[in-house]
Amino acid sequence: MSEQTKEQAASLPRIGDPAPQFAVNTTHGPIKLEDYKGSWLVLFSHPADFTPVCTTEFVAFQEIYPQLKELNTELLGLSVDSVQSHIAWVRNIQEKLGVKVEFPVIADLNKEVATKYGMIHPGESTTETNRAVFVIDDNQIIKAIIYYPLTTGRNMDEIVRLVKALQTTANHQVSTPANWKPGEKVVVPPPSSQQQAEERANDEELEVIDWYLAKKELKE
Amino acid sequence: MACGKEEVSLSPSQLKLFLDAVKEPATEDAIARFTGLPIFKVRSSLRELTEAGYIETFHNEYTVSNKGKEYLVQN
């Protein structure tokens, strides 16, 4: 890895970091990241307008947008294309596929946001953003990051599941096990003392598999 | 931009909706309820309309300016 690449990697935002602020032009006019305070945000990038996998993804993102809105979560797309290109593309999607894209799309022509968020991976492409997803919470902290390569469309069910899991953790101070879905048991934090471990074994509200792995039903 | 630019990005119907929402001083939340728009859209639009002079802001409330009133009369 070159020194320059190491430096870039070191400066990329990570989970738990404040989301880098931006002021951008979008298909919905000028937007700042701070406009989303109080809402969760799924910020995602795609390689380019008028490309096949991205078109299937935009249709799929629009399909999950109502579910995300019910979770107080907004969607915001991004590529290095112009606003006019984005407008032409979303109009084409509506004309050819009958789907109206309702979320804004950033025109990141100077790659400012893409660079701040590490959405361009030079090993794959120096000119296009890859399929990055940043889940940002209502306090503008990055809670999850997903990267997919140019060739692989994202799984929308997983994005919705991820947002639900992150919000469950935020609201109930619990973790979620593999393949967790809402309604299923959650994982309680492991004991931090021997006394906690002993008492946990007798806690009737918990399903204790062993002292370090215990699950419980969530009470709404 | 070489080919010019609209003064604001809002459509005429969106502009009228926002100006109607602030005929009386209103907060962001009240404007969101009136317009039915998500809060990010309300905040970004209010900023744009304030910068363009259609809306004035005072103590976290927004109200239509003389320029905005003129627009409403003409449209």
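Every residue, even glycine, has its Cβ placed from backbone N, Cα and C.
So that you can see what the record holds, here are the features copied from TrEMBL:
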type	residues	note
ACT_SITE	A:Cys54	active site, cysteine sulfenic acid (-SOH) intermediate
ACT_SITE	A:Cys54	active site, cysteine sulfenic acid (-SOH) intermediate
BINDING	A:Arg131	substrate binding site
DOMAIN	A:13-168	domain 'Thioredoxin'
REGION	A:1-21	region 'Disordered'
REGION	A:181-203	region 'Disordered'
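The region 'Disordered' (A:181-203): residue composition by secondary structure is 7 helix, 2 strand, 14 coil, according to DSSP. Residue pair A:Cys54 (active site, cysteine sulfenic acid (-SOH) intermediate) / A:Arg131 (substrate binding site) shows a Cα separation of 9 Å. Taken residue by residue with DSSP, A:Arg131 (substrate binding site) is part of a strand.
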